[in-house]
Amino acid sequence: MTLRYSRVIPAAVLLILAVVGILLLELPAKEVEVPPEHMYGIVLDAGSSHTSMFIYKWPAGKENDTGIVTEHSQCHAEGGGISSYAGVLGGAAKSLKSCLDKAVKDIPKSRHNQTPLYLGATAGMRLLKIDNTTETERILKEVENKLRSYPFNFIEATILSGQHEGAYGWVTVNYLQENFAKYGFAGRWLNPGRKTTGALDLGGASTQITFQTSDKVEEGDNMMELKLYGQSYRLYTQSFLCYGQDQFLRKLLAHLIKTQGVKPQVVHPCYPQQFKMSIKLGMDVFDSPCTKSYKPDKFDPQMSVTVVGTGDYQSCQAAVMKMFSFDNCSYSKCSFDGIFQPSLKGNFMAFSAFFFTVRNLFSLNNITIASPSKMEAAVQYVCNMTISEITETTKQPEKYMKNMCVISLFIKVLLTKGYRFDELSLPSISFQEKVEGASVGWSLGYMLSLSNMVPAESLSLMKALPPGPWAGILFLFIALLLFALGYLLISLFNTINKEGPV
Ligand SMILES: *[C@@H]1O[C@H](CO)[C@@H](O)[C@H](O)[C@H]1NC(C)=O
Ligand SMILES: *[C@@H]1O[C@H](CO)[C@@H](O)[C@H](O)[C@H]1NC(C)=O
């Protein structure tokens with residue numbers, strides 16, 4: 001009897017161990033199935049020139065999977081950016097109404113109170129804050145009250161720093177390209193250790209460059225450390241205030257007025273020949289912190305000035321170059337205006353105004369800007385066109401198309417002279433508006449980061465095991481199970497044989 005139990009017990013213990021082991025490996029990796037209902041999130045991108053609303057959605061309970069969040073819909077608010085309502089009580093709040101009403105209809109009612117609502121304001125509000133802090137705070141508060149009056153889960157209405165704007169854009173790009181981690185079969189995280197893509201954003205009032213670097217970041221303000229799915233990323237990020245396309249145009253105009261003197265006419269080499277437009281010195285030129293250093297001592301802000309285009313590529317380039325300062329670098333290397341920048345690394349994605357300008361440039365002359373010389377040729381071609389040639393080819397309003405030459409030249413100088421993209425690195429930039437149907441910009445990355453949908457820690461160790469070791473351990477437990485079963489059978493067989501039939 002004692003002999004019999006002493007053989008069966010260890011075998012039974014082994015058997016239980018093996019079964020428990022297999023269950024432990026298999027069970028946590030299988031997600032509980034949930035009905036395919038969606039969750040939603042709303043981000044208002046309050047830019048300097050206008051506000052856009054993005055509604056995102058993802059399958060309920062799967063928020064931590066990469067690449068699972070998609071864009072449900074978007075809405076463009078009428079009128080200017082919220083900063084343009086300085087001094088207009090209720091104006092900023094009213095400008096958001098039509099988009100928020102659309103969100104109420106777009107999102108199923110049962111999900112309203114679980115839908116996070118964020119508003120991030122960027123360089124337009126950063127500039128207003130330099131001029132008038134109290135008015136900036138008042139607009140933010142007014143907008144917040146408006147957002148709170150809707151049935152959603154209001155999270156915040158805030159001004160993003162330039163560094164955060166850059167970093168969130170980078171998160172969006174790499175999330176949409178699934179560069180962070182992949183949710184593999186059997187519900188386990190596989191980290192492919194893929195290279196990340198740098199982000200280039202061009203707005204109305206600022207521009208951002210952000211990329212992963214292993215170089216020493218010599219200026220603390222340019223350094224951002226992110227932890228996503230348990231991995232650390234060291235980013236270099238820089239936001240250039242006043243280098244968004246609208247503020248850049250203002251600065252260029254201010255520079256030309258300063259050099260030519262305050263007169264009823266200003267000659268502008270970057271506008272097409274025979275092109276004329278009328279501007280007001282205050283509202284259109286000098287009412288901005290970006291043009292402060294060009295301000296004449298005495299001028300009438302109400303004075304109208306006629307801008308006359310000459311379509312002169314060389315003079316335009318010379319004027320555009322003057323807007324950048326390439327000396328006085330106190331670090332080992334700089335991009336421009338004395339700002340540190342490590343060596344460019346990896347591929348880049350350029351979006352927002354970069355994308356729209358390059359798309360229009362291509363539609364005008366079919367030249368892909370695969371090298372600095374091709375880019376030069378493409379821009380030169382456009383700068384020699386008349387305004388009617390441009391509008392007829394692109395089928396877009398003169399309001400935007402008049403700036404094709406100057407904005408293309410600005411982008412060319414910014415990328416090749418400012419950031420120093422060259423023969424090798426310029427072709428690594430892909431100009432895109434969307435990836436997998438979602439708009440590329442900072443707003444998705446902002447929502448993902450604030451809602452912890454790109455968690456800092458990796459998910460449970462069990463899920464994080466790469467497929468190789470995981471399969472190995474499973475194999476060991478199965479071998480143990482077979483061994484225990486065999487042992488148990490043999491010892492039972494032996495005992496029956498020994499005792500023999502009764
Ligand atoms: C996502 O990850 C965060 C942080 O690890 C965790 O708190 C949250 O519960 C996770 N959500 C899901 C649905 O797994
Ligand atoms: C800020 O803006 C408000 C509203 O336009 C105005 O009344 C106030 O004088 C401004 N303050 C400064 C310091 O410019």
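Each Cβ is built from the backbone N, Cα and C atoms, and glycine gets one as well.
Feature list (source: TrEMBL):
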- E165: active site, proton acceptor (ACT_SITE)
- G204, A205, S206, T207, Q208: ATP binding site (BINDING)
- 470-490: transmembrane segment (TRANSMEM)
Rounded to an integer, what is the Cα-Cα distance in Å between Q208 (ATP binding site) and E165 (active site, proton acceptor)?
8
Round to a whole number and give the Cα-to-Cα distance in Å for the pair T207 (ATP binding site) and E165 (active site, proton acceptor).
10
Cβ-centroid neighbourhood (8 Å) of the ATP site, G204, A205, S206, T207, Q208 excluded:
S48, T122, A123, D201, L202, G203, S239, F240, L241, Y243, G244, Q245, Q247
DSSP on A205 (ATP binding site), three-state: which is it?
coil
Between the Cα atoms of S206 (ATP binding site) and E165 (active site, proton acceptor), what distance do you get, rounded to the nearest Å?
10
Spatial neighbours of G204 (ATP binding site) that are distant in sequence (at least 6 apart) but have CB under 8 A
G47, S48, S49, G81, A123, G124, G244, Q245, D246, Q247, A353
Taking only the CA atoms, the spacing between A205 (ATP binding site) and E165 (active site, proton acceptor), expressed in whole angstrom, is 13
